[in-house]
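Reviewing the structure listed below.
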C-alpha cells in the first residue's frame, strides 16, 4: 500500500495529481523566463499594489519565497510546506485614514509554514526582508489548511479504474491529538465521468500526512456492490440523442453603451454611487472591503460547515469545515495569485467575475388613474444589479457565491448549491428490500435510495459570513427590533390591539446572540447613534434574514467587538481543531458591544434531504440574506434614477417564421 502511495514511483506516478485536485484545476506555476501574458487580463509580473488591502502580487510572493529560503527555520533543508502566504493587512485605522495618492502602509506577508511536524506563523516585511516569528511552534490544537497529493489504492480492482482522494478526519478523541491525519476513500471510474456515484463503500484508510504512513485500513463494506454507472453521466455529449430536449429558446442581455461599472487599479469596483475593494483570497474565496460611505469595512465567508447525518464507521467523520480545511476557488474574470506549497506563485485564472444583471424586476413604480382631472401618472424604474460572483468546486459540491449590489443601497450575499451528492453504497436496489424489525420499523439508512445501490445521505450546509460593519463610523450598536402586540386602552379605539416596534440595544455579546424564530418577528439593525438624519433617526443598516436552518454554532446571528485576530468562525487553525479558538468561545467573554467597533456574523443554513431529482447531479438551490439601509439616506436614494426610453435600447425587428 505504501508503494502505491509513493508518487515518485514511476509505475504509479500517473495516478498522482496536485494539491488542487479538489478544485478540478492544476496549479499553473509562473515560468521564470519570458512569462506568457494572460490574454484575458494582463501580465501579472508587472502588477504593483495600489491600495493598502491589495493582495500580494506575484513579485511579492516570489520575494517571500526567496526571503524564507535563507531563514534559519528553512535553511536546514528540513521537510516543509507553506500552507498560506497572504497579505498581512495593515491596522484598520491606517486603512481608513489612507487616501488615494498617499504612500501605502508597509507591505507585509503573513505565512503559515509546516516544518517537520510543527506549524509556524511568520511575518515577512517585504521592504526590509525581516522575518518576525509570531508563533513558533504553534500551541493551538489544530492544523492549517491541507495541501496534499491524490493517491490510489484498490481492493482487488484495476488501479486504472479507481480514484481515491483525501477527506478531512475531524477530531474525535486522543487518536487525532497530535498527528495530522486524513481519511482516504475510493471510487470506481469505470463507465462514467461521475465517479462519485460509484463509491467503494466501507473502504477507509487513515493516513498520516507528516510520516506519510497508512495507520489503519477499515473495510466494512465487502458485501456492498459497487453501483452501476448507468444513467450517472451528466455531460450533454453523453446524454442519449433521444433524451435531449430544448425547452426554452436562448436569452441574451444587450448593453448598447457598455457596462455601467469600472474596475480601477485591478481591485477597486465603481458602480452607480457605490464603490468597494475586491480581492481574491485562498481561504475565503473573495473579500469585499471598504464598501462606500462607511457601510462595511470588510465582508467575506468565514466558514462553511457540512455535517453528514450518518454515524457509521465510514461516515461519522464527514463533518467538513470546507473553508478552513480546504479553501475556496475557481470562477471567471478576475485572477487570483497565490503561493503553492513550495512558495512558488501561481495564477488561478478567472477566479472572480463581476457583471450587471437585469431580470425584468422593478426598482419602484406607481400609477394613478386620472380621477382627479389630472393627467395619468405611470412611473417605473428598472431594478439593475451588480453581481460579484465566485464559484468554488470543493470536491463533489459546487458552491456559487454571489454578492448582489442594488442601486438603492441594498447588498445581498447569496449562496447557491449544486454539483454532485456524496452518496453511500448499499446492497438495496429498491426501497421494498429494506429490512424491518419485529415492530415493523425499517432499518436506518441515514438517507434516501436514489438509484440502485445508491443512498443520498442526509446532510446540512452552514455558511457563516463575517460582516465588519462601520455604519457612518466605528461606534456602532447592534439593535434587536421586536414586533410586540400592544393592547389599546379601554375606550381608546375600536381596535383591541396593534403591533409595536420595541428597540433593544445589545450591551454585551451574549445579548447579541440571536436564534431566529418564525414566532418572534424581529429586525436586526446596526446603528450609529452619534449620526442622525435631519429628522433625528440614527443612521443604520439592517440584516434581513431569509429561510435558514439551525446552525452548528447554536445561533444564526452574533455580534462581537472588532478584533483583528478573530476573523475565522471555526478558528484560525481549523483542521482537527478541538473548538477552543472559535466564535462561540470568543463570544463567551461577553464583552461590551454598545457604541463600539463591532462585527456581525450571520449564518445561512440548508437542510438537505436528498431526493431522486438530485441524481445524478443536483439542480441549484439558493438562499440569501439582505443588508439593507434603514434611515441611512434622507429619502429614496433612487428617486432621481432615469427610466429607460425606447431610444436607449436596440431596435429589434420581427422575423417571419414559416409554418
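Even glycines carry a Cβ here, placed using N, Cα and C.
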Which of these ranges is annotated region 'Disordered' in TrEMBL: 1-26, 27-52? 27-52
Do you know the mean pLDDT across the domain 'Copper amine oxidase N2-terminal' (51-132)? 90
If you count Cβ atoms within 10 Å of the Cβ of residue 397 (active site, schiff-base intermediate with substrate), leaving out that atom itself, what do you get? 22
